[in-house]
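J.: Please find one structure pasted underneath; my questions will follow.
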Amino acid sequence: MDRPCPIIFDLDGTLIDSAPDIHACVSAVLRQYQIAPLPLARVRSFIGGGVELLWTRIIAACGIEPVHRPALIAAFMARYHDATALTRLFPGVIEAVGRLADAGHPLGICTNKPMGPTRSVLQHFALDRLFPVVVGGDSLPQRKPDPAPLRLALQMLGVEGNAPRALYVGDSEFDANCAAAVPVPFLIYSGGYRMTPIADLPHHAAFDRFDDLPGLVDQAMAL
Ligand SMILES: O=C(O)COP(=O)(O)O
Ligand SMILES: [Mg+2]
């Protein structure tokens, strides 16, 4: 590698499979309100835009009176802030991220997940030491696909400029459109929570296995 390249990662659906924990927290809150739970796949399809959008979608899907929204979100956050029991790293994540860190690439996280649960889950998997920069869904008024959170993460890693030399790695429509708006090249992980075909999303390259990520990074940097 000639020069290190800052690499920012999305979290839910990219590094971690957190949908089972998010689903469990949602189900517990719905049960509290005597509302029938939604299947895991349905809740998974609602993840990506952060907690506010998640609950907008749940409220619409379950036909809940919008007046309950603040109480539902508060009850959800009380469970979500340290929900890690059902969350797993995607296969090969630790090895791939470790290799990129060892190669000297500055690493960061830009997620729409709020900072509380983000910090909990990074600590739980001992990933906090690998990611000196973390921007969460409540770090700024804007969330992905707005480019502001990713621009902030890049700035915190010392990257400046209108089309910075950096990479974003994510799984969803929110990530693809955010990276295109910055703009930075986007590497999409196919195993996450995306609902749109990869071909319909702006991206530089796609990967199915984290073992392939370090090689893809080298290729992207050679451009
Ligand atoms: O919490 C969400 O809805 C999405 O989080 P992500 O940005 O890490 O995918
Ligand atoms: Mg994601």
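The backbone N, Cα and C atoms fix where each Cβ goes, and this holds for glycine too.
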J.: Looking at Mg(2+) binding as recorded in TrEMBL, which candidate out of ASP138, ASP146, ASP171, ASP200 goes with ASP10, ASP12?
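T.: Record check against TrEMBL: Mg(2+) site with ASP10, ASP12, extra candidate from ASP138, ASP146, ASP171, ASP200 is ASP171.
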J.: Please list residues from the chain of ASP12 (Mg(2+) binding site) whose Cβ is under 8 angstroms from its Cβ, counting only those at least six apart in sequence.
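T.: Once residues fewer than 6 apart are set aside, ASP12 (Mg(2+) binding site) is near SER18, ALA19, ILE22, ILE47, GLY48, THR111, ASN112, LYS113, ASP171, GLY192, TYR193.
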J.: So of ASP10, ASP171, which of the recorded positions has the fewest other Cβ atoms within 10 Å around its own Cβ?
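T.: ASP171, out of the recorded positions ASP10, ASP171, has the fewest neighbouring Cβ atoms within 10 Å.
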